[in-house]
Amino acid sequence: MKTIQGQSATTALTMEVARVQAISSITKCMDTIPSEYIRSENEQPAATTLQGVVLEVPVIDISNVDDDEEKLVKEIVEASKEWGIFQVINHGIPDEVIENLQKVGKEFFEEVPQEEKELIAKKPGAQSLEGYGTSLQKEIEGKKGWVDHLFHKIWPPSAINYRYWPKNPPSYREANEEYAKWLRKVADGIFRSLSLGLGLEGHEMMEAAGSEDIVYMLKINYYPPCPRPDLALGVVAHTDMSYITLLVPNEVQVFKDGHWYDVNYIPNAIIVHIGDQVEILSNGKYKSVYHRTTVNKYKTRMSWPVFLEPSSEHEVGPIPNLINEANPPKFKTKKYKDYVYCKLNKLPQ
């Protein structure tokens, strides 16, 4: 009689899209991986990572906003211009809220039978990103990332489709709703600082982004052990399409000054990525961060990014108060759904 794990691996390999978790379980004793996961030489981590150097991404304490907001804004502005990524500490989200989020996500991927996971799979050709899946972007030359994922919206309530929320483990919904509640407070503060840093009123960037209509899209990335982490990537190099992305620490690599670097992260800090839409709103003053995710030979890695996105019909362009004769618009104003279509299909914006 097959074990549940064996059954799950067999099921995952017979699906229309083979799941990386299943491929990992079969290749774990090998010294090779399927060719579609082997990156070109100019992408392979072993060949392109600057070895022996670990970057210290800016760490910003956001607990003292009431005491010295000017200092906080300056730190966030500098990090957003120079790095496009920073870590916030003393953010107010209780450790147990983050731990519960991680616990239920891990249980979904590792304890729920494969057949049950497939019930909430993203349908081929679906317009929405939501659901359990494997491939996302149209990869160059058919190459794939060494990752399975689960997408679903966690805010606002009107945007949530619980069809894509796992029913098991039973505490999944509660853990995610609690995390969303706390995360919104952090996001509001970051939007305010980014707005003030551009010489705008504190509310202007949030309003330009859509205020209460901003969509919080959670993605759980599951990177199983990979026999050849020197050849594969979990997620290919990219910038996020979002306004900002908030995530619990994850071993992403950052491209800075012409090199790929490993980065030092603080446990239970919240990592902030500046995304494409804030770069557009700021007319290029803030920079979206170019990053990628590597994998590990011996252990599973997971991450929980939350992408703060416009609604699909929302139009995003440079904030009008930032535009004048000396600062003409550097980006087109367009509906977010059109931006996403172009980016996922590697078309010019």
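Glycine too: its Cβ is placed from the backbone N, Cα and C atoms.
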Exercise for review: Write down the one residue from H152, H291, H314 that Swiss-Prot lists together with H238, D240 as binding Fe cation.
Suggested key: H291
Exercise for review: Among all chains shown, work out which of the binding-site residues H238, H291 has the most CB atoms within 10 A of its CB.
Suggested key: H291
Check your understanding: Including all protein chains shown, what's the count of other C-beta atoms within 10 A of the C-beta of D240 (Fe cation binding site)?
Key -> 25
